[in-house]
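Participant: Pasting a structure here, questions to come.
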Amino acid sequence: MGLNSSITRYNNLFLNSVLSNLKRAIDLGGFGEEFFTYLSHPMRTVSVSIPVKINGTIKIYEGYRVQHNNALGPFKGGIRFHPEVTLEDDMALATIMTLKNSLNGLPYGGAKGAIRIDPAKVSKEELEAVSRGYARALVQFIGPDIDIPAPDLNTNPQIMAWMVDEYSKMVGRNAPATFTAKPVQLWGNPVREYSTGYGAALWTRNAARRFLKGIEGATVAVQGFGNVGYWLSHFLTEMGAKVVAIGDIGGAIYNPNGFNPDDVKATERKTGTVANYSGSGVRKIGMDELLTLNVDILVPAAVEGVINYSNANAVKAKIIMEAANGPVTADAEEVLYKRGIYVFPDIGVNAGGVVMSYLEWVENLQWFIWDEEETKKKLDYMITNAFNRVYDRWQKMSGATIRDAAYIDALDRIYQAMKWRGWI
Ligand SMILES: NC(=O)C1=CN([C@@H]2O[C@H](COP(=O)(O)OP(=O)(O)OC[C@H]3O[C@@H](n4cnc5c(N)ncnc54)[C@H](O)[C@@H]3O)[C@@H](O)[C@H]2O)C=CC1
Ligand SMILES: O=C(O)CCC(=O)C(=O)O
């Protein structure tokens, strides 16, 4: 199959956008066509049907696990619950994981899982049954040295707890290192709860030091106020930034004086959306307005493809931090690049989660526990190291995006591992 047909063979914008970024970086890095052909096909895709019996009626949920590439080690990546997620979306997310794990120096390949379910519309019992069913269906495909899942959009430590419990029952032993981001009482580490947002805040502070006048006083708009968006807003505010706009699936709010993210979170927890937050100077805005506000920093922290060809010209932020996976499409980035708006890529910005998952996995393999401060220090070191590597590489390149620099750094390590193994 030719290279161009590899990019366009899917009817899925997200996957095509990821493959287009991959192709661009492979060409720029001079790795050769064979490498793209290899990485544009996941090594294994598993589709499962998960039957659950609720009130005497059987319902079947569809689930996936895409194991993209394991040249660097066991597959690793989260599990997404979403009613509209497709196998192709999961392939895009798994490809991003391969690059993210490599960029951050982790001994992992990339994977991602998904179940087509809307967790807001089912009972806790049904959610538990589906989560356990997924772990049972995948039992022979996952394990501490095979594939280690974790949470993603709409999944959390409770879901990891059900899954690790089910998996442990299936294999007849406690198997903590098979899932990460577990509750602290079940071999988790307290840092994982906030690590993705914290890592994204570190990347944002580093970026602001180089591209703005520093993080203090910088204005920020954040789309998505779940695990990533909330903790990112919390830490950025601690660092001195002013979070002036926050949005979630229920709506968005703006306050030129800045929000206290903890207060907004309290309202969201009570009422289900940030849109119900009120106070002096606060006004409701639409999501289109949030994404095109005149702010220093725009942080999409919800879903993919929200900054695309149709709105890229309207974006006014000076820098964009991809806290979500794939929020800026490849064609939008071209427009933004020409307009002098820098995009910091997901594989660095939101890597705090998987870096922390790695640390939890290392603890679990040894039945060892680091305290919170020690873990945070290790996380800081790994995140800062990746930022510096990407920035230094990018400065030496001309006509390249920051994503190109990050991808090439990540690809280099995968390429060498594949060469040593004799795969290419
Ligand atoms: N949780 C983690 O550790 C990691 C998450 N990510 C990525 O970060 C993003 C967010 O994940 P989490 O915060 O974990 O999810 P979450 O489920 O905790 O929160 C998602 C947030 O996005 C909002 N949202 C969902 N769909 C939306 C839409 N169409 N428009 C506007 N807002 C919408 C929700 O209302 C919620 O505020 C995803 O792209 C995920 O893949 C990346 C790395 C790690
Ligand atoms: O913590 C992990 O292993 C997965 C994180 C993840 O899914 C992501 O970085 O997108």
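Heads up, the Cβ atoms here are built off N, Cα and C, so glycines get one too.
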Participant: Of the residues Lys53, Lys100, Lys396, only one is listed by TrEMBL in the substrate site with Lys76, Ser357. Which is it?
Facilitator: Lys100
Participant: Got a sec? Which of Lys76, Asp152, Thr196, Asn227, Ser357, the recorded positions, have CB under 6 Å of any ligand 2 atom?
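Facilitator: Once distances to ligand 2 are taken from each Cβ, Lys76, Asp152, Ser357 fall under 6 Å.
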Participant: Given the recorded positions Lys76, Lys100, Asp152, Ser357, tell me which ones have a C-alpha lying within 10 Å of the C-alpha of Asn227 (NAD(+) binding site).
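Facilitator: Near Asn227 (NAD(+) binding site) by Cα: Asp152.
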Participant: Looking only at DSSP and grouping its letters into three states, which state does Asp152 (site 'Important for catalysis') belong to?
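Facilitator: For Asp152 (site 'Important for catalysis') - judged by DSSP and reduced to three states - the answer is coil.
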Participant: When you put Lys112 (active site, proton donor) at the centre and draw a 10 Å sphere around its Cα, which of the recorded positions Lys76, Lys100, Asp152, Thr196, Ser357 have their Cα inside it?
Facilitator: Lys76, Asp152
Participant: By a 10 A CB contact count over all chains shown, which of the recorded positions listed here is most packed: Lys76, Lys100, Lys112?
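Facilitator: Answer by Cβ density within 10 Å: Lys112.
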Participant: Using Cα coordinates, what distance in whole Å links Ser357 (substrate binding site) and Asp152 (site 'Important for catalysis')?
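Facilitator: If we compare the Cα positions of Ser357 (substrate binding site) and Asp152 (site 'Important for catalysis'), the gap is 12 Å.
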